[in-house]
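Visitor: Structure in C-alpha cells, see below.
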C-alpha cells in the first residue's frame with residue numbers, strides 16, 4: 001500500500017467535498033463512499049424528502065467518468081425500465097433476445113433504486129444476480145457489469161418471511177435516516193442557494209478506474225489480527241445467546257469483514273483495528289428493535305473489552321484485594337483501641353477515640369472479612385463525628401461497607417480489650433483496625449503491580465489514540481471509548497495514591 005497516510009487524507013478530502021450542502025448526512029455519505037470503494041450495497045431507510053436520492057447522486061462524482069442510473073420502483077415497474085428495452089431489430093432480424101442496456105442499470109457504476117420493496121419478482125431475481133456476481137444475462141450472453149455501488153431506499157422495511165429477504169440480506173450497510181434536526185442546519189438548508197446537482201469534487205480528488213481496480217486487490221491484503229477476531233467472535237457468541245437478536249448469516253459476516261478491511265485500508269492502516277468494528281452497528285441489524293440491541297452490544301464490546309478495559313479493572317480489583325490482605329496481616333499492630341472514660345460504677349461505659357485519630361472520615365479494616373447486608377465486607381468507612389457520638393452516648397451506628405453506597409446500620413461493640421468489634425447476623429465478630437500509616441506508603445509488591453498495570457493502560461490508550469483517526473466512525477462513539485479508558489486510568493491512579 002503506497003503512501004497510506006496520503007491516501008487516507010485524500011479520501012477524507014473527497015468525503016468533505018461530497019458532503020458540501022448536505023446537512024446532517026456526513027455519516028451516510030461516508031459509509032456510502034466506503035461501500036462504493038469496496039463494491040458493497042447500501043439500504044437507506046427513512047421518510048420521503050430527506051435527500052436519499054441526492055446522496056446516491058453525489059457518489060457518482062467520487063469517480064472519474066462514472067455513469068449513474070436511478071429509478072423509482074412501483075408495483076407496475078417492468079424489467080425493461082431497469083435493465084433496458086428489448087432490441088426489436090435483433091429479435092426481428094436474428095431472432096436474438098437482447099436488451100439495449102445503454103443508459104440503464106447494467107452499464108452504470110452508481111445505481112439508486114427508490115421504493116425498492118415494490119419491485120416485482122422478475123426485477124428482484126435479476127437484481128440478485130447483479131449484486132452477487134456483478135453479472136447480467138443479456139440473452140445468450142453473460143455480461144460483466146461495472147456496478148460499484150447500489151443504493152436502495154424505502155420508507156419501510158421488507159415484510160418478514162417474504163420473498164424480499166434474500167435481497168435485503170445483500171444490503172450490507174443499513175442506515176436509518178431522519179429529517180434535519182438541528183435548528184442552525186435547518187436554516188442553512190432552507191437558505192442555501194447551492195445547486196445540489198453540481199459536481200462538488202475537484203478533478204484531482206476523483207478516483208480513476210485504474211485506482212479503483214488496484215484498491216480492490218489491496219483491500220483483500222489487509223490482515224485481521226487475532227485479538228480483533230476474538231472480539232468479533234465474542235460479539236457473535238453474545239448475539240447467539242440473546243433471544244431477540246437478529247439472525248446474521250455467515251455471508252453477512254464475511255462481507256462485513258471486507259468492509260472492515262476497507263475501513264482500515266482507507267484509514268492508512270495495514271490491519272483491521274478494534275475501532276473498525278463499530279461499523280458492524282450499521283451492518284448487523286434487521287429492524288428497529290435489533291438496531292438498538294446491536295448498538296448496545298457493540299457499545300459494551302468497545303467500552304469494556306476492545307482495549308482491555310474490563311481486563312484491566314479485573315486486575316486492579318485483584319491488586320486492591322491483595323493490598324487489603326497485606327494490610328489485614330498488619331492489622332493486629334494497628335487495631336483501633338478506644339479510651340475508656342468514667343468510673344467502673346457508671347450506668348453506661350463511655351469511650352473516646354485516641355487523640356492521634358483526627359481524620360474526618362475513618363476507614364477501618366476488618367481483621368477477617370464478614371458478610372454484612374449481603375456483601376462481603378473487608379473495610380468500613382465511618383464519619384468521625386458519628387463514631388464519637390456512638391462511643392459517648394451509644395445508640396445506632398452506621399458505616400459505608402467497603403466505602404461505597406449508603407451508610408448501613410451495624411452491630412458494633414467494644415470488647416474487653418477496648419477494641420471495636422463488628423458482628424454479622426450470626427454474631428461472628430471481626431476486630432476493626434486502622435490501616436497502615438500513610439507514611440509507610442504502598443508495599444513494594446503492590447506498587448510494582450500498579451506500575452505494570454498503568455504501563456499497560458498507557459499502551460492501550462496510545463493504541464486507541466492512533467486508531468481513532470478513522471473517517472468512517474462517528475465522534476460520539478470515539479468519545480465514549482475515550483471516557484471508558486479515562487475511567488480505568490483514574491481508578492488506577494486512585495489506587496496508587498492509597
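One-based numbering along the chain as shown.
Glycine residues also receive a Cβ, built from the backbone N, Cα and C atoms like all the rest.
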Visitor: Of 23, 212, which one shares the ADP site with 49, 50, 51, 52, 53, 54, 196 in Swiss-Prot?
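Guide: It is 23, as the record lists it for that site.
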Visitor: Neighbour count, 10 Å Cβ-Cβ cut-off, for residue 54 (ADP binding site): what number do you get?
Guide: 16
Visitor: Can you check which residues sit near residue 53 (ADP binding site), meaning Cβ under 8 Å from its Cβ, same chain, 6 or more apart in sequence, and list them in order?
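Guide: Looking at Cβ-Cβ distances below 8 Å from residue 53 (ADP binding site), excluding near sequence neighbours, one finds 70, 112, 114, 153.
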Visitor: Within the chain of residue 52 (ADP binding site), which residues six or more apart in sequence place their C-beta under 8 angstroms from its C-beta?
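Guide: Sequence-distant Cβ neighbours: 44, 46, 114, 151, 153, 177.
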Visitor: In terms of DSSP three-state secondary structure, what is the assignment for residue 54 (ADP binding site)?
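Guide: For residue 54 (ADP binding site) - judged by DSSP and reduced to three states - the answer is helix.
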Visitor: Under DSSP, is residue 196 (ADP binding site) helix, strand or coil?
Guide: coil
Visitor: List the other residues in this chain whose Cβ sits within 8 Å of the Cβ centroid of the ADP site residues 23, 49, 50, 51, 52, 53, 54, 196, in sequence order.
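Guide: Near the ADP site, beyond 23, 49, 50, 51, 52, 53, 54, 196, sit 22, 25, 55.
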Visitor: What same-chain residues, at least 6 away in sequence, bring their CB to under 8 Å of the CB of residue 49 (ADP binding site)?
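Guide: Once residues fewer than 6 apart are set aside, residue 49 (ADP binding site) is near 179.
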Visitor: Among all protein chains shown, how many Cβ atoms are found within 10 Å of the Cβ of residue 50 (ADP binding site), not counting that one?
Guide: 19
